[in-house]
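Going by Swiss-Prot, these are the annotated features:
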- 1-20: region 'Disordered' (REGION)
- 1-14: compositional bias 'Gly residues' (COMPBIAS)
- 26-106: domain 'RRM 1' (DOMAIN)
- 34: SUMO2 cross-link (CROSSLNK)
- 121-192: domain 'RRM 2' (DOMAIN)
- 199: phosphoserine (MOD_RES)
- 392-464: domain 'RRM 3' (DOMAIN)
- 464: phosphoserine (MOD_RES)
C-alpha cells in the first residue's frame, strides 16, 4: 500500500488511512491489466454503489501501473455485489484479459491473503428464545437465498439459547441482512469455522493494536455494550449499575479482536462457564463476544471482576449483562439460595460436629432440603433398609465443594433403592450405595456432569471392593 498511487477525481470523498476498513469488507482488490485506467474502473464499478476512492498501485520509480488496484465503497454490500458480478469479466474491447476481484483483507488483520467468500456468508444473530428455525428463516429470507438456518440450543435441555446462525448463498446477501435487519437482532458476521490464525499471536496483536488502540469506537454502532458505556469511558468497579438487569449471559467488547480460545481462557477463571462465542461486526474492527454461565452468581462475579480487565496489557475489555429474557427477581433468588447453600456446605464440611448434626438430627433435619438445578429430577422415593445387600456403588466428585448429606440423600433417593450416601472426610468426594443396579445407572445418566446448588457433580461407577480383594497378591 505504500506504493499505491491514485489519480482520484477531486469531486469524490477520499477516506483517510484510519477509514480504509470502515465498514469492514467494503474495499475490493483487483487484478487488472497494466493499461487499465482509473476512469475505466470508475465507469465499470460505479453502478454498484458509492465509490469513495480508487487506488491504482504503481511502481515507485517508473510510476507504471503494477496491474493491481483497490476500490473503496461506502458499504460492504456494494463491495460484495461488485465482486460477485465483476470477477472474471473483461473491461472493454481492447482489454480482453478477465479481471480478478476479491474482498480486500482488513489492514489490521495481520494476514496477507484475501477474504474468502465462505467467510462472508454466515451471520450470527440474537433472537427471542421462542424462535424456531422456520421463524428465523422467515425473518431473514427477504435479504436473499438462505442456505441454512440454525438455532443454538442447550445440549442437555434442548432449550434455545437465544442465538442463531443464518447462512446465505452470496456474501452480498449476508451484508444486506446485517445492514438492513432490525437492530434488535444485533446481526454480526460470524467467525469462520475452525479459523486458524496465520501469524503468531504476538505479531497479530501488535499489528492490530497499532491500528485500533488510538481510535475511539462509535457508540451508536457498538451493539454489545450498554449506551451508557459504549465509548469505554470508565471502568470504575464502583459504577452505579442499579438499573442494569442481571442475567447469566454477558457481552464482552474490546478495542482489540480476540479469538474464542482467548475469550474462554479469560472467563473460565470463574467456575461455571457454559459456553462462549466470538462475533465479527462488519462495521467495526473490534472484538465482540458473548459469554454464558450455568448460574447467575458466576455471571455476576465475572462481570464485576473482569469489567475493565486488561487483555492484552493496555487494552481494557468491557463486560456487561445481556438480557436473556430471564426474570431478574427469580435469578437473584436462585443466586442467594446458591450462595447460602455453598456457605452452609463449607461450614458443615469444615466442622465434623456440624456434619453429624445435619446427618443425625437437629433443627435443620426437620426441613426439606431445597435443590436448585436445571436437571429434571424424579420425585422422592423411600430408602432401602440399611441391611440390604449392596448391588452397585457409585463414586461422586464435587466441584468446588461437597453438598450437605441431607441434600445428597434427597437427590439420590429419587432413583429408588438407595441404601446410603457417605462423604470422605476432608475430600471433595463421596460414595453412594444402591440395592439395585438399574437405580444406580439412572442416577449416573441423570446427574453426571450436572450442576446442583452451584456444585458440579461427577457421578460414576466405583471399583467394587470385592473385585479388588480377589486380585492375586504379589509375592515379590
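A Cβ is built for glycine as well, from the same backbone N, Cα and C atoms used for every other residue.
The DSSP breakdown of the domain 'RRM 3' (392-464) into helical (H, G, I), extended (E, B) and coil residues amounts to 22 helix, 29 strand, 22 coil.
Long-range Cβ contacts of residue 34 (SUMO2 cross-link) within its own chain (separation 6+, distance under 8 Å): 64, 65, 66, 67. Confidence over the domain 'RRM 3' (392-464), given as mean pLDDT on the 0 to 100 scale, stands at 90. Assigned with DSSP, the residues of the domain 'RRM 2' (121-192) fall into helix, strand and coil as follows: 24 helix, 25 strand, 23 coil.
In terms of DSSP helix, strand and coil, the domain 'RRM 1' (26-106) has 22 helix, 28 strand, 31 coil.
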